[in-house]
Structure formats: structure tokens, C-alpha cells
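Engineer: Okay, these came from TrEMBL:
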REGION    1-27  region 'Disordered'
TRANSMEM  51-68  transmembrane segment
TRANSMEM  89-109  transmembrane segment
TRANSMEM  115-135  transmembrane segment
TRANSMEM  187-204  transmembrane segment
TRANSMEM  230-250  transmembrane segment
TRANSMEM  280-299  transmembrane segment
TRANSMEM  319-336  transmembrane segment
TRANSMEM  348-366  transmembrane segment
TRANSMEM  382-405  transmembrane segment
TRANSMEM  417-438  transmembrane segment
TRANSMEM  444-463  transmembrane segment
Amino acid sequence: MGLGWSSAEERESLLPPQPRGAAGGPLVPQLRRGLTPAAAPLLGRVYGRRWLVLLVFSLLGFAQGLVWNSWGPIQNSARLAFGFSSWDIALLVLWGPIGFLPCFAFMWLMDKRGLRVTVLLTSSLMVLGAGLRCIPLSDLTIRKKLIHGGQLLNGLAGPTVMNAAPFLSTTWFSPDERATATAIASLLNYLGAACAFLVGPLVVPSPNGTSHLPLASESNSEHIKDRIEAVLYAEFGMVSLIFSAALAYFPSRPPFPPSVAAASQRLSYRRSFCRLLSNFRFLMIALAYAIPLGVFSGWSGVLDLILTPVHVSQVDAGWIGFWSIVGGCVVGIAMARFADFFRGMLKLILLLLLFGATVASTWFTLTCLTNVTHLPLTTATLYTSCILLGIFLNSSIPIFFELFVETVYPVPEGITCGVVTFLSNMFMGVLLFFLTFYHTELSWFNWCLPGSCLLSLLLILCFRESYDRLYLDVVVSV
């Protein structure tokens, strides 16, 4: 395994005669120990337009997360306005992981046709899905079906916005910017989901009168329905603008690659899957990512439902979800920038983040069991534990992505991240499926959080890191 995971024949055609390290020894053992050789000029060119490409893709991910999480934060209002049941609320969230079932088709399209075709297809599905949710029909039965259909189409956009970030960063950004670009592109999707926690409860009055808006006193069924429709129309307009921007300008690649790794040959689609499924080290970190992130995503999608038994209002639950994800995005980008400056420390960063997530999730779970633990259940403790959990887990996402790509290079980035996000969404889907049958007692869902974080921590602890892509960039650039 390690740097010897890729065959010598595959590397030979890409590499010049092997250089020596700073101490006069071979460079490969230094990289195996996670060390970074002295900086050297890179054989590549970066373009200022890379930030525009990153902005359009990030906004697309933001909108997809916002639309996906539209209903969870306002589930009490949606029940009254549209007659949704607990099954409907859970299914509206479940369409996200269901949309990942054809993710391998999107990975193939990205590998064969590039980013532009894949992004345009993805954004067109989002426009169609957001439009279906806005069709004004008096028949609530048909209206609910259109809303479910719109959520499914938006879910089908998930494989691209969640998988393509490392591919975009490798294609457009230099090695000392890749982790940062990956963090921005991947975490904006979660930031969109966070804004749903804020926008929904503040715009849509709660039926129990807990909204902070003066209009809360008028929160009858028709008024609530009108406010929900206003949110749906606004989201449709935003998605349409982003689609127009991508249609106007979103090239698949720059005229000249920014690094050696961006220009190097990759494994075929079929060989990539064979390599991934036969690499035990990759399977270890794939599970370390998929289990806690899948559990946390499902838990976040129904956070309002989970916090209702402890008498937390819809607005307070929305603020908790919002700050937990925003904190994770800010810390995640900061951690990625740190990883760009100090390469070879991805495992250490993940260990610290997962340890913090384990402690925070255990604190939250025990706090909710006040009858057993007698820990103080206050707004401050709920806010603190939930926000810390979101910070630790969400900030680990771009670090995981970079470690995946480094470990299995030259497998294409889209295929690598597609497999792990597919697993993550399958874990989330299974949990939400059980939630539809066991939605009256949710303490089991809370216990899934610390258990999954602890398992992930142990897997990363046993993992031996390697940096195959960094090896290629540094060796050829020396």
C-alpha cells in the first residue's frame, strides 16, 4: 500500500528520473512519512477566471442544499399548510439520499464529458425541480406529489455538487490552493442547508406562535401557505439565475493545466472501481467518512423533530442548525487553508476533529437524557453541544476529500468522492427510513451520533496515510 499502491508502470510514463530529497536520499520515503519537500516551481499555470468558476459551482451547491433542507426546519408549518404527515416530512428529506442512486452515471459523465456538461445537466434538473414545487394547484394531493417530484429532481443534483469539488480544484487550482478550493466548493452546499434553518423559520410563521415575527399572530393555514410559497418562488428564482450564469460561462478546464497532476493520465472508469474496491485502506477511510457524516446529515435534516420533545421551538431549532453548519464551514475552510500550507498533516487534522465530534455528540446525547443523567438542559447547553458537533464534523469534509484523492490517485477525483458520498447518503437514507417507522421515540437517533464518531475516530487512528498526488506534483516539479 502507501505510495506503492499505484503500479510502477503507471507512474513511469509520467515521471522523469527520480530526484533526491533534501538530505540526499530518495524523495519517496520522505513523502511516505508525510513530509513535504522544499517548495519548487510548479509546471503549470493558473488563471484568474478559476475563482469565477469556483463561485458559480459553489453557488450551485449552496442552492441545492437550500432546496433540499427547505422542509425540515418548518415541518410543523408544512403539516398545517399542506397536510403533510410525518412520513411526508421524512420522505422530503429522504429524496436527497435517494437522488444518489444514479450517482455512478453522473460520475461517468463527469469523467467522459467534463465539468461543463455535468454542471449544466445538474443545474437544469434543479431548475425543473424548483419549478415543480411552485406550480399553484388547489388540489393538495396533486400539489404534494409535485413537491415530492421537485425534491427528487433536486436530489438528483446531489452527486455533482457533492462529488465534483476535488475534481474542480485539481483541474483549476495549483497544489497550494487545492484544499482551500475543495473546502469552499464542498462546504457551500452545507451552508445552503444551514440557511434553510434560518430562512424557513424566520419567514414562515410557526403554528404554535413561537415565531419572532409580528405576523405570527396571523399564522392561520392560508397565511402560512402563502409564506411557504413565497420561499419556494424565491428559491426557484435563485436557481434559475445560477443556471443562467453556468450556461453563459462555465468551461470544463483551463487552456493550460495548473499542475502536473491535473495534466496526468488517469485510470479508466472500470479500472478505477476495481482499484477502489480492492484497496483496504481506502475502504477504511470511506467508512470513517460515510458513517458519521451520513448519520449527522440525517440528524440535521430532522433537527426540529428531534428537539421538539425537549421543548425547543421551531425558531430556536433553526438557529441551532444554522450556527452549527456555519461554524463548520468557517472552520473547515480555515483547516483546509492550514492543510495547504502544511502538507502531509491530513490524518492529524482528522483525528483532532473527530475526537472533538465524539465529545460534543456524547455531551448532547447525555444532556437530552435529563431523567437519567440529571445534566442541566438549557438553551445554552443545547446550542453549545450542537454547534460544536457541527463545527467538528462539517469541517472534516474537505479534509476527508483531499485524503481520499491523495490515497487512491490516479483514480479520477469524481469517481473517488462519488463512491464515498454514495455510501454516506446510503447511511443517511437507512436512518431516515427507520425514522419513518420509529418517529415517536428519537433517543436512538441521538445515540447514533457518538457511536458513529467514535467508530470513525478508531478507523482513522488505524489508517496509514500516503500522498500519491502530491508525490507526482513535487517530483516532476523538482
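Cβ coordinates are placed from backbone N, Cα and C, and glycine is handled just like the others.
Any idea what these are sitting next to in the structure?
Structural biologist: Same-chain neighbours of the transmembrane segment (51-68): 93, 95-96, 115, 119, 122-123, 126, 129-130, 151, 154-155, 157-158, 161-162, 164-165, 168, 172, 181, 184-186, 188-196, 199, 235, 238-239, 242, 245-246, 249-251, counting only residues six or more beyond its ends whose CB sits under 8 Å from a CB of the stretch.
Within the same chain, residues 68-72, 75, 78-79, 117-118, 121-122, 147-148, 151-160, 163, 269, 297-298, 301-302, 305, 414-415, 418, 421-422, 425-426, 428-429, 432-433, 435-436, 439 sit at least 6 positions outside the transmembrane segment (89-109) and bring their C-beta atoms closer than 8 Å to a C-beta of that stretch.
Proximity of distant same-chain residues to the transmembrane segment (187-204), defined by a Cβ-Cβ separation under 8 Å and at least 6 residues beyond the stretch ends, is recorded for 58-59, 61-70, 72-74, 77, 161-162, 211-213, 224, 227-228, 230-231, 300, 303, 314-315, 317-326, 328-329, 332-333, 394, 397-398.
Within its own chain, the transmembrane segment (280-299) is flanked in space by residues 1, 5, 93, 96, 306, 350, 354, 357, 389-390, 393, 396-397, 400, 403-404, 407-408, 416, 419-421, 423-429, 431-432, 435, 445-446, 448-449, 452-453, 455-456, 459-460, 462-464, 466, which lie at least six positions past its ends and keep a Cβ under 8 Å from the stretch.
Residues 288, 292, 335, 338-339, 373, 375, 381-382, 385-386, 388-389, 391-393, 395-396, 399-400, 403, 446-447, 449-450, 453-454, 456-457, 460-461 of the same chain lie 6+ residues outside the transmembrane segment (348-366) yet bring a C-beta within less than 8 angstroms of a C-beta in it.
Outside the transmembrane segment (444-463), and at least 6 residues removed from its termini, the chain residues within Cβ reach (under 8 Å) are 281, 284-285, 287-289, 291-292, 294-296, 298-299, 306, 347, 350-351, 354-355, 357-358, 361-362, 364-365, 368, 389, 393, 431, 435, 438.
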